[in-house]
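Chemist: To start, I am sharing the structure in question, which I have written as structure tokens.
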Amino acid sequence: MTWRATVLTLFPDMFPGPLGQSLAGRALEGGLWSVEARNLREYGLGRHRVVDDTPFGGGAGMVMRPDVVSAAIRDVAPAGRPLVYPTPRGRPLRQDDVRRYAGGPGLVVLCGRYEGVDERALEACGAEQVSIGDYVLSGGEMAALVLLDSCVRLIPGVMGSDASGTEESFSDGLLEYPHYTKPASWEGRDVPDILLSGHHAAIAGWRQTESETATRTRRPDLWAAHLERTGCTDRQF
């Protein structure tokens, strides 16, 4: 069954964009997934297809109208597909979320613009509000591309090796270990000897240690969650 993505946006020409290249592009051509970009302007009001209005309570910018947004959502009929709204106000997008989305029939992604979407439309349509980081973009389209790419690569048959999806950052709650390739020595920097040893158990242990070290130093939030999940303490590492 083809994994279906529908994107509701004011800029449909942004899709598939970079998702038409590389692994995602080949999977798109091969029918492993599909993407349809619907122009929210089609659901706008009046001769000028108005999609936004001034915010109640005052303030800068414009807000996307609930009647326009909800009409678009109901027209695409998510049919079991989660409705996701990328926004800095959302909960952090996690790899567990990505796996859940990728394991289903697809996604409907609503891309906001201006000051965002009227909250009533999001509540009425049961949108999942997710954030890809603590920063602000011009609109939801770039975040939608990030979200879709993270999902598409987990669809069976997209990546060349199943291990690629299980031996990477966040697959076990830790950041991934570092990678090396030829030449073995480059500008005075050598590949760690253990990776050249052929001792698979020792290599696996080294990679685990490197993952733990990177997570502890770069992502203390993930490290704290790892300690809680495993029941270990810092002193044991």
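Glycine too: its Cβ is placed from the backbone N, Cα and C atoms.
Bear in mind that the values here come from a model prediction, so they are computed numbers and not experimental data.
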Chemist: Kindly point out which candidate in G112, G126, G157 is recorded by Swiss-Prot as part of the S-adenosyl-L-methionine site with I132, G133, D134, Y135, V136, L137.
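Modeler: So the S-adenosyl-L-methionine site in Swiss-Prot includes I132, G133, D134, Y135, V136, L137 plus, from the candidates G112, G126, G157, G112.
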Chemist: Around V136 (S-adenosyl-L-methionine binding site), how many other C-beta atoms are within 10 angstroms of its C-beta?
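Modeler: The Cβ of V136 (S-adenosyl-L-methionine binding site) has 7 Cβ neighbours within 10 Å.
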Chemist: What residues, ordered by sequence, lie under 8 A Cβ-to-Cβ from D134 (S-adenosyl-L-methionine binding site) and sit at least six positions away in the same chain?
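Modeler: P88 - these are the non-local Cβ neighbours of D134 (S-adenosyl-L-methionine binding site), listed in sequence order.
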